[in-house]
Amino acid sequence: MKATTTAVALLVAAAAMAAQVVAEQCGSQAGGALCPNCLCCSSYGWCGSTSDYCGDGCQSQCDGCGGGGGGGGGGGGGGGGGGGAVEAVVSKELFEQLLLHRNDAACPARGFYTYDALVTAAAAFPDFAATGDDEARKREVAAFLGQTSHETTGGWATAPDGPYSWGYCFKEEIGATASYCVPSAEWPCAPDKKYFGRGPIQLSYNYNYGPAGEAIGEDLLNNPELVASDPVVSFKTALWFWMTPQSPKPSCHDVITGQWTPSSGDIAAGRVPGYGVITNIINGGLECGFGPDDRVANRIGFYQRYCDVLGIGYGSNLDCYDQRPFNSGLTAAQ
């Protein structure tokens, strides 16, 4: 959004086209190579951990590396550990397909957001993409990438491959001049530091940088630049926001995994389970409760594209047009 308004007019040559020619990764198609991280090698030479990879025709590591690893995706809840839950839902090649144009020459964040950085960051949040059945896990990844893609989009209406193929084009707010510092005894601003939007969720304000840094073991009040210079830290801040409830708001994770039960006050305010409540959590004060809004529609567009690629349904209540915003509190993006 901060990045979005600047990026709408982004025009690029059609150089980085959708034709991704990616060589097979394993098995007979790749000289007998094994998949990394104990993933299964499918009959077609691709690495993954779902039944499509580990089932009929699997060439190697079909039961993981000596039992316990690998597996066939799905199953009940529980933590993934080691970032494996994300890997089980989204392979590296699928990640490249979802965030198709993030490394385009016109994107300021090109080369920054990597699959390995996401997997490493997710290891610090073992419940992410590890709660519920296979469809629920995929839906959480689609929702997370959908919301963060809107925050970092470089797309426009007639962009190559459509506007929803241009997530993760930005890593920090463009043209920020304000410090985004709110006086706080608990999270005091450091001299000469600015807390404008950075990273996938466009983390903003000292009262977000402080607790996010504390949670992930980084001093982000004194070093807010880390969110735009270290891709693992960057993803960790977004996942921290996603996984952490901030009363009266539930966590995005609890909403998308069906673990949030709205109160009578929530129901009266139109806040019912679904993707729309996540938009309300992130930026409801500016986007929700005012009727149709292009920003809300953009968030939905990304989410729907990712659900389509992952082969899952969207669920209900996708927008927040008629929802009253939560009380002012955590505001990750403007």
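Start at 1 and count along the chain as shown; that gives each residue its number.
Any Cβ shown, glycine's included, is placed from N, Cα and C.
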### Residue among CYS26, CYS54, CYS65 that, according to Swiss-Prot, closes a disulfide with CYS40
CYS54
### Summary
From CYS41, CYS47, CYS169, the residue that Swiss-Prot pairs with CYS107 through a disulfide is CYS169
### Query
Could you state the CA-to-CA distance between CYS54 (disulfide bond) and CYS47 (disulfide bond) to the nearest Å?
9
### Task
For the domain 'Chitin-binding type-1' (24-64), provide the mean pLDDT of the predicted model.
73
### Query
Relative to the Cα of CYS181 (disulfide bond), which of the disulfide-bonded residues CYS26, CYS107, CYS169 has the closest Cα?
CYS169
### Summary
One should report the C-alpha separation between CYS26 (disulfide bond) and CYS47 (disulfide bond), rounded to whole angstrom, as 7
